[in-house]
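Q: Please find one structure pasted underneath; my questions will follow.
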Amino acid sequence: MAAQGFLLIATFLLVLMVLARPLGSGLARLINDIPLPGTAGVERVLFSALGVSDREMNWKQYLSAILGLNMLGLAVLFFMLLGQHYLPLNPQQLPGLSWDLALNTAVSFVTNTNWQSYSGETTLSYFSQMAGLTVQNFLSAASGIAVIFALIRAFTRQSMSTLGNAWVDLLRITLWVLAPVALLIALFFIQQGALQNFQPYQAVTTIEGAQQLLPMGPVASQEAIKMLGTNGGGFFNANSSHPFENPTALTNFVQMLAIFLIPTALCFAFGEVAGDRRQGRMLLWAMSVIFVICVGVVMWAEVQGNPHLLALGADSSINMEGKESRFGVLVSSLFAVVTTAASCGAVIAMHDSFTALGGMVPMWLMQIGEVVFGGVGSGLYGMMLFVLLAVFIAGLMIGRTPEYLGKKIDVREMKLTALAILVTPTLVLMGAALAMMTDAGRSAMLNPGPHGFSEVLYAVSSAANNNGSAFAGLSANSPFWNCLLALCMFVGRFGVIIPVMAIAGSLVSKKSQPASSGTLPTHGPLFVGLLIGTVLLVGALTFIPALALGPVAEYLS
């Protein structure tokens, strides 16, 4: 079993790096404001037709464009879901959503979280899934990538005030990166057996003679961007464990690759744009070390089996509860870590049925800020915050002004870094406390004791860190939970983007200082260890008390 797990992890990472390297070169061209080959003429026509100016923006203008687009998308999606019954492509005549569920869902998809307090096949029409959710899957992913584009430019430009043009970046990211790759993935899914139609639900007779209604719909097109954009919201309630979304072992492997593809490519792009590819490799090493350790822990915990069932004499050599037999325990464990290391949230197994330790690792990966590969764009700019913090700590230890890529890190940057890092832990801990203090919060818990608290902590961690997966033993479709999680998702997304853009605006105006004998190398194993230690230290200090009340207490009981 250990050899199979090692081979699975090694194969996954090897294929991932091979695919991400050329994509990273393409992203580097876009960051450097160089059109991809053959696209310049098309861009000129599009910019002219849409009235888009390619004049560069300062950080406030860039941020305003990103926020404006997302707020407009939020309003449109909210009213679309409220009035779903008036819109076309609704063969099942599904009614509009309640105001609190519509708000929660709109915020969820605009913030790239894709938390779902509903069952897709019984709640949303084809039009809502396509024109509403799928569109936001593209736009939220493009927004995250645009923010990291601006931050990378801030490190590589000198004595400037501009960070690029948000509209140009968004168009290029959507047209030349997300749309083509998503199309290829969708076609592959269709070839493998995923659904893509507009037929009404099909009534069939089972082999037992009972009647069953099979849901239909344009699944593959949404499934592709759901994974590529690290969105995660499933067309069906069972998400990627549903055979209509994820029909074969091969599509499952491609789904995992799609989740990590752009976050990995952005690391390569960062090193290329910075003029030192070792910087990108340093980030990949730090992310990969944490990732491999976490996968190993989850696989080990799930292979050990459920100790409560073993104590009763049950034949439970491995923990297969809540897992698809066609995928097995090792693949399910790998997928769980992939989807929570990135801010995806898609699932092929029920995380609520994992062992105490097996479920704690995905929860902790979210709580440290989704920086182990992370979401498209958001993962890298989240990790860059920890890079700045690690550089600052190293500067304190050696008595030098901290600097990174030749840019001095001053008080303003560190205040903004601390603010951005503290946003999500504050939301998680305060949100979980509020839920446990109120009857409306506690009434949603379907399990008592430490596991019930773990369900609450997981839900708030998932929302605040824009992941979207869940311990499913929580009845979250209530006004209290819909509003609480919507607030966590909104602040967790934009409460980090705003200080990140402010950091970019501050750094882009600085000159790069040449490296000296006292400069801390930020590309070697020493800094990789320092960066990993910083991530682990912040995560441990912040969440160990809360984890001790949930999964740790459950494991020890």
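Cβ coordinates are placed from backbone N, Cα and C, and glycine is handled just like the others.
Found this in Swiss-Prot, in case it helps:
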type	residues	note
TRANSMEM	5-25	transmembrane segment
TRANSMEM	63-83	transmembrane segment
TRANSMEM	132-152	transmembrane segment
TRANSMEM	170-190	transmembrane segment
TRANSMEM	253-273	transmembrane segment
TRANSMEM	283-303	transmembrane segment
TRANSMEM	329-349	transmembrane segment
TRANSMEM	356-376	transmembrane segment
TRANSMEM	379-399	transmembrane segment
TRANSMEM	416-436	transmembrane segment
TRANSMEM	484-504	transmembrane segment
TRANSMEM	526-546	transmembrane segment
Q: Between the transmembrane segment (253-273) and the stretches 5-25, 63-83, 329-349, 484-504, 526-546, work out which stretch tops the count of Cβ pairs under 8 Å.
A: 5-25
Q: Counting only CB pairs under 8 A, let me know which of 132-152, 329-349, 356-376 has the most with the transmembrane segment (526-546).
A: 356-376
Q: Short question: most Cβ pairs under 8 Å with the transmembrane segment (132-152), which of 5-25, 63-83, 416-436?
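A: The listed stretch sharing the most Cβ pairs with the transmembrane segment (132-152) is 63-83.
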Q: Taking pairs 6 or more apart in sequence, does the count of Cβ pairs under 8 Å between the transmembrane segment (329-349) and the transmembrane segment (416-436) hit 3 or more?
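A: No, the transmembrane segment (329-349) and the transmembrane segment (416-436) are not in contact.
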Q: For the transmembrane segment (5-25) and the transmembrane segment (283-303), does the number of C-beta pairs under 8 Å, pairs 6 or more apart in sequence, reach 3 or more?
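A: When sequence-distant Cβ pairs are counted, the transmembrane segment (283-303) touches the transmembrane segment (5-25), since at least 3 lie under 8 Å.
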